[in-house]
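Input: a single structure, listed below in structure tokens.
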Amino acid sequence: MRIEEDLKLGFKDVLIRPKRSTLKSRSDVELERQFTFKHSGQSWSGVPIIAANMDTVGTFSMASALASFDILTAVHKHYSVEEWQAFINNSSADVLKHVMVSTGTSDADFEKTKQILDLNPALNFVCIDVANGYSEHFVQFVAKAREAWPTKTICAGNVVTGEMCEELILSGADIVKVGIGPGSVCTTRVKTGVGYPQLSAVIECADAAHGLGGMIVSDGGCTTPGDVAKAFGGGADFVMLGGMLAGHEESGGRIVEENGEKFMLFYGMSSESAMKRHVGGVAEYRAAEGKTVKLPLRGPVENTARDILGGLRSACTYVGASRLKELTKRTTFIRVLEQENRIFNNL
């Protein structure tokens, strides 16, 4: 047993210090990034925000809606090959270039993903997603995927420490997904005691990944556009959002009605709700590590997307970053004990 004495920080523990700026307007800020990925060699340009691969967020409808904002969607792994074919038949190449194909690590997952990728060459992203990215089996699967799809851009996770981030990049991942336990409907930290404050995880993993020419996506922990800005400020190349994009018309959650008011169910992918839906229930050897919440319907996702992008542009103007790429270089975090004046929050 050992104890690390260094303080680890989440988004709630810091604010970004403002700096002098020559920008005249938020409209002067360029949010689009251009990347060339280490292993695939593929180039991509767009706004580096990703809708999470949850079946109540990462839907085909979400992908179509967010593509118009140049935002990516990691489509959840529970669609059939036939459903993928129908989506591809009704989608433009511009939409498909904003789509990630999600997969688990079983042999069946691998074969299904292979079939999906064969449907259309415009599908360039694979998102290999497990709750615990520290297993040797997972590392071996990433290497297997890289060998099978040498020109596809592979995103793999989740991990929270630099050495495992390096391991995944060396095994073939272009982008490493960072985050264990910070999600709004994730209960891993309270069920297992395992986790890592998200901002510190992002800072440490970004440093490790960038040293090898890889990239990271901060996955989880964002509750406001300001948190998205902090993730980019901490060095994230991409930011993945779940709860912030849940509850919309495109989110795909089941709608329930209580006392005449409609709500949409949103649940973690290791929750009892998810396991009942996809694998018949919670196995006797494990515990559910997610919860289910009822969200008031939030309308079309375009309004939320505009709010997030607007907040991000504003953050850049406060520190004098004319491009999103510059935000991390212009960011100085200050530790704080409060984030906002909450006097009217309950009204």
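Heads up, the Cβ atoms here are built off N, Cα and C, so glycines get one too.
Now, the feature entries from Swiss-Prot:
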ACT_SITE  C186  active site, thioimidate intermediate
BINDING   108-131, 216-239  NADP(+) binding site
BINDING   G181, G183  K(+) binding site
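Positions of the features from Swiss-Prot, shown on the structure.
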{"residue": "A108", "record": "NADP(+) binding site", "contacts (Cβ under 8 Å, 6+ apart)": "none"}
{"residue": "N120", "record": "NADP(+) binding site", "contacts (Cβ under 8 Å, 6+ apart)": "I88, L96"}
{"residue": "V126", "record": "NADP(+) binding site", "contacts (Cβ under 8 Å, 6+ apart)": "M100, V101, S102, T103, T113, L117, A145, W149, K152, T153, I154, C155"}
{"residue": "G181", "record": "K(+) binding site", "contacts (Cβ under 8 Å, 6+ apart)": "T188, R189, V194, G195, Y196, G220"}
{"residue": "I216", "record": "NADP(+) binding site", "contacts (Cβ under 8 Å, 6+ apart)": "C165, I175, V176, K177, V178, V202, C205, A206, A209, G235, A236, D237, F238"}
{"residue": "C222", "record": "NADP(+) binding site", "contacts (Cβ under 8 Å, 6+ apart)": "F11, V228, A231, V239, L241, G243, M244"}
{"residue": "G234", "record": "NADP(+) binding site", "contacts (Cβ under 8 Å, 6+ apart)": "L199, V202, I203, A206, S218, T328, T331, F333"}
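Of all the Cβ atoms in the protein chains shown, 14 others lie within 10 Å of the Cβ of K114 (NADP(+) binding site). Each residue contributes its Cα atom, and for K114 (NADP(+) binding site) and G183 (K(+) binding site) these two points are 29 Å apart. V228 (NADP(+) binding site) has a Cβ environment of 24 other Cβ atoms inside 10 Å. In the three-state DSSP scheme, the residue listed as 'active site, thioimidate intermediate' falls into the strand class. Following the DSSP three-state reduction, the secondary structure of K114 (NADP(+) binding site) is helix. V126 (NADP(+) binding site) falls within a strand when secondary structure is assigned with DSSP.
Around the Cβ of G183 (K(+) binding site), the number of neighbouring Cβ atoms within 10 Å comes to 27.
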